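These come from Swiss-Prot:
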SIGNAL    1-26  signal peptide
CARBOHYD  Asn58  N-linked glycosylation site
CARBOHYD  Asn162  N-linked glycosylation site
CARBOHYD  Asn186  N-linked glycosylation site
CARBOHYD  Asn194  N-linked glycosylation site
CARBOHYD  Asn366  N-linked glycosylation site
CARBOHYD  Asn428  N-linked glycosylation site
CARBOHYD  Asn432  N-linked glycosylation site
CARBOHYD  Asn453  N-linked glycosylation site
ACT_SITE  Asp511  active site, nucleophile
ACT_SITE  Asp573  active site, proton donor
Amino acid sequence: MFRSTATVAAATAMGLLTATGHGSLAIAQGTTGSNAVVVDGTNFALNGASMSYVFHANSTTGDLVSDHFGATISGAIPAPKEPAVNGWVGMPGRIRREFPDQGRGDFRIPAVRIRQTAGYTVSDLQYQGHEVVDGKPALPGLPATFGEAGDVTTLVVHLYDNYSAVAADLSYSVFPEFDAVVRSVNVTNKGKGNITIENLASLSVDFPLEDLDLVSLRGDWAREANRERRRVEYGIQGFGSSTGYSSHLHNPFFALVHPSTTESQGEAWGFNLVYTGSFSAQVEKGSQGLTRALIGFNPDQLSWNLGPGETLTSPECVSVYSKDGIGGMSRKFHRLYRKHLIRSKFATSDRPPLLNSWEGVYFDFNQSSIETLAEQSAALGIRLFVMDDGWFGDKYPRTSDNAGLGDWTPNPDRFPNGLEPVVEEITNLTVNDTSAEKLRFGIWVEPEMVNPNSSLYREHPDWALHAGAYARTERRNQLVLNLALPEVQEYIIDFMTDLLNSADISYIKWDNNRGIHEAPSPSTDHEYMLGVYRVFDTLTARFPDVLWEGCASGGGRFDAGVLHYFPQIWTSDNTDGVDRVTIQFGTSLAYPPSAMGAHLSAVPNHQTGRTVPLEFRAHVAMMGGSFGLELDPATLQDDPDVPELIQMAEKVNPLVLNGDLYRLRLPEESQWPAALFVAEDGSQAVLFYFQLSPNVNHAAPWVRLQGLDPEASYTVDGDKTYTGATLMNLGLQYTFDTEYGSKVVFLERQ
């Protein structure tokens, strides 16, 4: 419901805020949902458990000016030294602006660029009013965080350009428990002519004079999520994606931290775009020493026409503040996403250990061999069997990556009676031969793609993305279907509905193996993503009991947009245990480990050629919310350790899904990385400790734990008992007998 600004008088009377003039106000203390947003005239305070975000509207210019984003402040705050209106053009670099427009003397990177009918890009968006909403409205057609009154409060600030009749509504949703402010923007054309949006940031924030470091995630296929940290220098630095999806190259996340900030100490500001398409993230340190940070649409991929009365809504950006280092920032993202982003029923429920057929057999299988693989999997204790690529295609059978995409009917040579008999056979298998539980069945699809060698492409070549008469560039022998077209969306929804109704399918792995080329317009990327989101929204709502996993050649779409619909994502096509330590640690900067798909694969590894002990590979895979095997199960039938490792993965899983992650030692800083998962109530914990290279005459260092109750006693692996204070201030030490050593240690509070 809407709360009118009349509530401000009541808040002032209660002493929650006091107008002090010139853009100053006192900040609410002891924040609850009722005072997460406090307003006094045109002064605004957004309050978290340990965070304050304060800004005001300049009474002369109507511009929104930032006062503070950081640790909680109280009492009156000093007014920023702003130039008089006549000095505006000469001194724009001194002003910390909330939503910087273009063309009026601020030469730093803008948050919005609007081309008017006459051709110019000048905007003058001034404060017009505001409203406060209990709860959080949904974003039309886009993934978004959610919450009820008491969980989240939303401030909407209305800006208006009197000359162009353009309105901008800035949304600030405050989740106090997580020190999170979620921002998005609506731009509406209220004039009579057409306008074009050429740039729109979901978030812009200006920081005062100080040194900052920029932390981000870079990579490529099979080496995603490498942590990058560099000093913010004068000028513009940034990154993004122009691939049509969030990409392996750069993740739509970054953090700003003080140079002295570590994993466990210091201030950190995290920013994560809830979006799966092309994006841009930029940070600029201006001549006056102020630092501006923005993230939103990639302007090179945006030219959005707005006719009279039409609106463009930006994706939202989640920003969190931490006074407990980068690790504290990550834990706030993780808790927020588990509770208020991932809408699946599986967000916090145990995931079944699975076996995926891909690296075990690739395209070489038939009904009989698949049934044998499933039987061998069930005997090991696997609870979900997944048939990957190669099961479909009639006239153009999918026996390699050269044909079949788009023709989503079972290959009659491999499955002469369709999927139902094989699925029935598999789902009648008993797990472990002693359990009453039956094996579940899952299947791989890549609905957004089409092979030219397919019946679908022969019938609808116009459904593939193309730019006029230019040649259509193939990648992995495939093209991209244009999901901006409603008929393509309906085709995918219909065949997926038929597939899921045809047999007892419990799991879908949704893949995407290439980016967008030959886009017909600069706005194709966003139109495409809106179509993808409509398909995701329809299917996940229609089949809520199906466990959906996202994939894009591994982690090419590991983003908060996909997580809104799918509770887990395949983290990387690289299943090498050593490489996965770095990839999974990096991914956890913004995304909860509960969302990571991680599998134990064969050796030598199919991507790196490296041979790593079975136990090490299994322990690394246990750190993902979806543990699985990616190999031929026949190679494991005589290994007694495998069923025990699967049982250990199931024991670990609840803590990985719902616990707080502490990265105790980083793989880029030490050859002995370590991580600890602690139950939210502190009753249990599990330590993962690795050795990444051989060491002669060098003992592994002690590892200090975090997040425990210092006054409580903890039993370590059911043996020795130590206080939380001892474990955190002294720690534990282990020795490793092999080049790639690993330990998984369970702790339980007494």
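Any Cβ shown, glycine's included, is placed from N, Cα and C.
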Among Asn162, Asn453 [glycosylation sites], residue with fewest other Cβ within 10 Å: Asn162
Cα separation, Asn194 (N-linked glycosylation site) to Asn428 (N-linked glycosylation site) (Å, whole number): 61
Rounded Cα-Cα span from Asn366 (N-linked glycosylation site) to Asn162 (N-linked glycosylation site), Å: 67
Ten-angstrom check, please: count other Cβ atoms within 10 Å of the Cβ of Asn428 (N-linked glycosylation site), all chains counted. 10
Report, in whole Å, the straight Cα-to-Cα distance of Asn186 (N-linked glycosylation site) from Asn194 (N-linked glycosylation site). 16
Provide, as an integer number of angstrom, the distance between the C-alpha atoms of Asn186 (N-linked glycosylation site) and Asn366 (N-linked glycosylation site). 52
Minimum Cα separation from Asn58 (N-linked glycosylation site), reported as the residue among recorded positions Asn366, Asn432, Asn453, Asp573 that achieves it: Asp573
I need the CA-to-CA distance for the residue listed as 'active site, proton donor' versus Asp511 (active site, nucleophile), whole Å please. 11
With the cut-off set at 10 Å between Cβ atoms, which of these glycosylation sites ends up with the most neighbours? Options: Asn58, Asn194, Asn366. Asn58
Using Cβ atoms only, which residues of the same chain lie under 8 Å from Asp511 (active site, nucleophile) while being at least 6 residues apart in sequence? Asp389, Trp444, Val445, Glu446, Cys551, Ala552, Ser553
According to DSSP, which of helix, strand or coil covers the residue listed as 'active site, nucleophile'? coil
Rounded to the nearest angstrom, how far is the Cα of Asn366 (N-linked glycosylation site) from the Cα of Asn453 (N-linked glycosylation site)? 21
When DSSP states are folded down to helix, strand and coil, where does Asn432 (N-linked glycosylation site) land? helix
Between Asn366 (N-linked glycosylation site) and Asn432 (N-linked glycosylation site), find the distance joining the two CA atoms and give it rounded to the nearest Å. 24
So if I measure Cβ to Cβ from Asn432 (N-linked glycosylation site) and keep only same-chain residues at least 6 apart in sequence, which ones fall under 8 Å? Ala378, Ala379, Gly381, Pro643
Listed recorded positions (Asn186, Asp573), ranked by Cβ neighbours within 10 Å, top entry: Asp573
